[in-house]
Amino acid sequence: MSKDKNSLSELFRMFFGKHWPVWVGGILLGLLNILLFAIKSPWGASGGLTNLGDNLFSLFGMFSEKVVTPVSQNNYGMLVVLIVLGSFAGALFSKEFALRVPPRGEMIKGLLGGAMMAVGATVGIGCSIGSFFSGVPALSGGALIFTFAMFAGVIISLKYLIWEMERFPKWSTGKSYTFLAAAPEKGRWQIIAGVIVLIGVIVLAYSYVDSSPVMSWFIIIASLMGLISQRSRFCIVKSFRDPFMSGESHGTVGVIAGLLVSLVGFTVIKYFTIGDISEVSQRARELTWVFPNFWGKALIGGFIFGLGMTIAGGCAVGTLWRVGEGQIKLWFSLLGLVVFSPLSNSYIVPFVDGVLPQGAKFRAYLPDYIGYDGAFLLVVLILVIWYVFVKWNERTGRFSAF
């Protein structure tokens, strides 16, 4: 019995004693993304964040003309909530949960960055998940435009942050506080709390088994995504930013691994029309996660989103799992995302749609132009070039700031 107990303890320490390689997280998230697509549709965050915002405003009687789906009945609203809970469980099991209150300037950046991400995601029809991590494997031409625009936004925002750090260092410095942190040999309460959260997630998933099996699977997969993201520190803004700051490529390699895995799975699902198509046509299955954002909406939205996620210090998924860890700056980022997503949908998106011609906001499905083989190879080529570049830059430091 003691040997079995030691074996279980060793297994627990393997998962929660130290962080996982980012590439492991990327591969696992790619596989779970394929499962989501096979069940219903791929991973996305902006739709769920908008749903949370709509429900928040409805509590105050705002936008009452809108028909708002309760979060408990919205697959992507629940996906957002469960990613946070999954991250919360991962942080508790590893005794890494703590309320970390940064200086006031950082909290302002979190809120501002979240608001910018909300505008970028609603205008570009997707965030760093929907229009990048899922959109690129979905062979969307708009997703490629969104990606390059997001990259440009990251670079410009990074230059601003370096300038601010050098010229106005006091803007983001000051007192910071940490509460509820566990000491290395203590903090057993966090593991107990993690078990309670895990049991709660299982009960919640089971409660939907009869009424909505799809929701049950979304709950399970989302909680796993949150836990995996927290344990591997998976973050898309890190993959864009770090090669140009420290030169490190670990985050980038993890994201590339996840994209490659998703690309294979998504292409197979679309080509062979795998999944439940009882309510949609084969063509609709092909166009899943190919949004009408090519090229103008993706360009504008991706650029604004890239600016915002760099200022906030977290992309869509990075914000969610850091919220679960207790990082207050990202709580403000999440608040910005939730509050400004419905506002942007109501006021900014209609303006952009009115200005842009139809030729700047249509669905561009790459296989329609270059076939499945050409589209697949194009995405692979882009990922290989990205990988070669970040590895070369890691060795040489040619484009690294520090």
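Each residue, glycine too, has its Cβ placed from N, Cα and C.
Note that the structure is a prediction, hence the values are computed from the model and not measured.
As written in TrEMBL, here are the features:
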TRANSMEM  20-39  transmembrane segment
TRANSMEM  76-98  transmembrane segment
TRANSMEM  110-133  transmembrane segment
TRANSMEM  139-162  transmembrane segment
TRANSMEM  189-208  transmembrane segment
TRANSMEM  214-230  transmembrane segment
TRANSMEM  251-274  transmembrane segment
TRANSMEM  294-318  transmembrane segment
TRANSMEM  330-349  transmembrane segment
TRANSMEM  369-390  transmembrane segment
When counting Cβ pairs under 8 Å to the transmembrane segment (251-274), the leader among 76-98, 110-133, 214-230, 369-390: 369-390
Interface check, the transmembrane segment (189-208) with the transmembrane segment (139-162), three or more C-beta pairs under 8 A: no
Segment-segment contact (the transmembrane segment (330-349); the transmembrane segment (20-39)) at 3 or more Cβ pairs under 8 Å: no
Stretch with greatest number of CB pairs under 8 Å, the transmembrane segment (76-98) reference, 20-39, 214-230, 369-390 candidates: 214-230
Same-chain residues at least 6 beyond the ends of the transmembrane segment (369-390) whose Cβ lies under 8 Å from its Cβ atoms: 136-137, 139, 141, 144, 243, 249, 252-253, 256, 259-260, 263, 267, 270-271
